[in-house]
Amino acid sequence: MSAVPLRNNKAAASAVRTVSVLGATGSIGDSTMDLLRASPDRYQVEALTANTNVEGLAKLAREFGARYAAVADPDRLGALKDALAGTRTECGAGESAIIEAAARPADWVMAAVSGAAGLKPALAAVDRGASVALANKECLVCAGDFFMQRAAKAGACILPADSEHNALFQALGSGNREELVRVIITASGGPFRTWAAADIEQATLAQALKHPNWSMGQKITIDSASMMNKGLEVIEASYLFALTPDEIDVLVHPQSIIHGMVEFSDRSVVAQLGAPDMRTPIAHCLGWPDRIVGPAAKLDLAKIGQLTFEEPDFGRFPGLRLAYDALRTGRGATTVFNAANEVAVAAFIGGKIRFGAIARLVEATMNDWVRSGNLAPLTSADDAIAVDHNARNKAATLLPQIALKAS
Ligand code: NDP
């Protein structure tokens, strides 16, 4: 059975839901807390987590009366306890505390830690059969099929929270797997959509952080500028919905109003539309199997006037091509793709490499991985974490030569 629920497979929603938010202090966390804030009688917060932002975490834990708050930095336990003195919130710190937060008995968990660090906590929620709203695409890209198999085995319900995947999730209910021809993931094209390759090569951090439509965390905003994010989403769609690379197309749609479409055998194309506001897909996940009231702006198509579309440019945005390559290669290659990208983005933020070198570092790391003959199916979280770790080391080793190389 698929871990992503299909149509007519709705479970009864209970009156008060217990919820946990992993990555509560981030951009997705913020949107999620906003939705919870709107219906305080409907949700009881079990656990909230952050990486280092003790102040933000404690503020949320107090506001929502969370039973447990955990910070990933082990040195900040004292600070968290001080900030929550006088409350009933239990405190934890370190990676194990984030995993414990996910393992605690909440009906619904938002998995919104950024990067591969989100894998073990998401698995902890999956293993106890929770409903998991999955925003963290990296953990799926990193663990691949294994993640979905484990979710299916545990009876967990994976609710795609990423806007494009949420759109596909909603549209897929219009037909059966045998009737599906392809899915189309839309992409805004990011801030460099119309830029020449030479200018993209030299783009600054401030330019990369200026997304035209979406307000998001730093890592995903840079990934959107390089279109690595779309690459991660192609891989995510493949694992979430068991699709081959040939069944997934990317279409540039600068207005970000249509988030995803599904084409069926009769040539009907079913799309999901909405203002670019992450609270809409998160509300869909939070309300599932029902629909709740969402706070996003009403879609006014007459005011928008035009919806336009372009083919993606694999030449100026090589990250997208590399994602398809990784997916076709399989056997840990998507893990390598993700790990190398995380290293490259951190190096770009740290001023060590040019923007254009992000894709070159990912490509060099993937090539090295293929040449080494280390490709093997991932059968456990430890496998995925080992490949991730080795690929990060390899990317770090290749970094100085990539940094020196001109485009
Ligand atoms: P942010 O950087 O805004 O937030 C990340 C959250 O994870 C913060 O709470 C952060 O804590 C926490 N965190 C970071 N590193 C660790 C770690 N090592 N261990 C534990 N917690 C950690 O990211 P976003 O909210 O933008 O993105 C979260 C995930 O959702 C990503 O995987 C992203 O790709 C995905 N996503 C995001 C979208 C968006 O619109 N933002 C859209 C679709 C998907 P602290 O605040 O202390 O640093």
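Each Cβ is built from the backbone N, Cα and C atoms, and glycine gets one as well.
Automated prediction, rather than curation, is the source of TrEMBL annotations.
Annotated domain '1-deoxy-D-xylulose 5-phosphate reductoisomerase N-terminal' per TrEMBL: 19-144, in sequence order.
Among the features that TrEMBL reports, NADPH binding site is placed at Thr25, Gly26, Ser27, Ile28, Asn53, Asn136, Glu138, Gly217. Counting Cβ atoms from all protein chains shown, Gly217 (NADPH binding site) has 17 others lying within 10 Å of its own Cβ. In the three-state DSSP reading, Gly217 (NADPH binding site) counts as coil.
A sphere of 10 angstroms centred on the C-beta of Lys137 (1-deoxy-D-xylulose 5-phosphate binding site) encloses 28 other C-beta atoms. Following the DSSP three-state reduction, the secondary structure of Lys137 (1-deoxy-D-xylulose 5-phosphate binding site) is helix. Taken from TrEMBL, the feature 1-deoxy-D-xylulose 5-phosphate binding site covers Lys137, Ser163, Glu164, Ser188, His211, Ser224, Asn229, Lys230, Glu233.
If you look up TrEMBL, you'll see 158-241 marked as domain '1-deoxy-D-xylulose 5-phosphate reductoisomerase C-terminal'. Mean pLDDT across the domain '1-deoxy-D-xylulose 5-phosphate reductoisomerase C-terminal' (158-241) comes to 96 in this model.
Summarising the annotation, TrEMBL assigns Mn(2+) binding site to Asp162, Glu164, Glu233. Long-range C-beta contacts of Glu164 (1-deoxy-D-xylulose 5-phosphate binding site), restricted to its own chain and to partners at least six residues apart, with a cutoff below 8 Å, comprise Ile185, Thr186, Glu233, Ala237, His259, Gly260.
Positions annotated as domain 'DXP reductoisomerase C-terminal' by TrEMBL: 273-393.
Distance from the CA of His211 (1-deoxy-D-xylulose 5-phosphate binding site) to the CA of Glu138 (NADPH binding site) is 20 Å. A simple Cβ count within 10 Å picks out one of the binding-site residues Asn53, Asn136 as the most packed, and that one is Asn136. Helix, strand and coil counts under DSSP for the domain '1-deoxy-D-xylulose 5-phosphate reductoisomerase N-terminal' (19-144) come to 61 helix, 28 strand, 37 coil.
Within the same chain, residues at least six positions away from Asn229 (1-deoxy-D-xylulose 5-phosphate binding site) with a Cβ under 8 Å of its Cβ are Ile220, Asp223.
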